[in-house]
Amino acid sequence: MDKKTIYFICTGNSCRSQMAEGWGREILGEDWNVYSAGIETHGVNPKAIEAMKEVDIDISNHTSDLIDNHILKQSDLVVTLCSDADDNCPILPPNVKKEHWGLEDPAGKEWSEFQRVRDEIKLAIENFKLR
């Protein structure tokens, strides 16, 4: 069976999509290729790295990347994590499913917000896996 591909997209590929990529690789395992990208690149937020480190997932080697049209068109599912990404996501071919999981941006907020959003992302991916 070929691996499926999931592509997490947010505004800057800095916090939410980075954490989603980390959780996706952990939870979805070998059955999925997991990628993340942004409408823009803001660099990986150090607090996102720390939040994931707290749950023993290392995203310190991740890079902040722009949407790659090749990956986008080869994806089975594109998940937008914020309204900006949802509104500005490129047009997808008919074979690519899109879902919007609106999550609050923790950037610039208290540490507890990073933890809360991290845990919300984990729950969303666990629920997705059960479908």
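Cβ coordinates are placed from backbone N, Cα and C, and glycine is handled just like the others.
Annotated disulfide bond per Swiss-Prot: CYS10-CYS82 (among others), in sequence order. When other Cβ atoms within 10 Å of the Cβ of CYS82 (disulfide bond) are tallied across all protein chains shown, the result is 23. Look at CYS82 (disulfide bond): DSSP puts it in coil.
Residues or ranges marked as active site, nucleophile in Swiss-Prot (evidence: sequence analysis): CYS10 (among others). CYS10 (disulfide bond) carries a strand DSSP state (E or B). Listed in sequence order, ARG16, SER17, SER36, GLY38, ILE39, THR80, LEU81, CYS82, ASP84, ALA85, ASP105 are the same-chain residues six or more apart from CYS10 (disulfide bond) with CB atoms under 8 A from its CB.
The disulfide bond feature in Swiss-Prot is assigned to CYS82-CYS89 (among others); the stated evidence is sequence analysis.
For CYS82 (among others), the entry in Swiss-Prot reads active site, nucleophile.
The active site, nucleophile annotation in Swiss-Prot covers CYS89 (among others) and is backed by sequence analysis. DSSP assigns CYS89 (disulfide bond) to coil in the three-state reduction, placing it in neither a helix nor a strand.
The Cβ of CYS89 (disulfide bond) lies under 8 Å from the Cβ of ILE9, ILE67, VAL78, THR80, LYS98, each of these being in the same chain and 6 or more residues away along the sequence.
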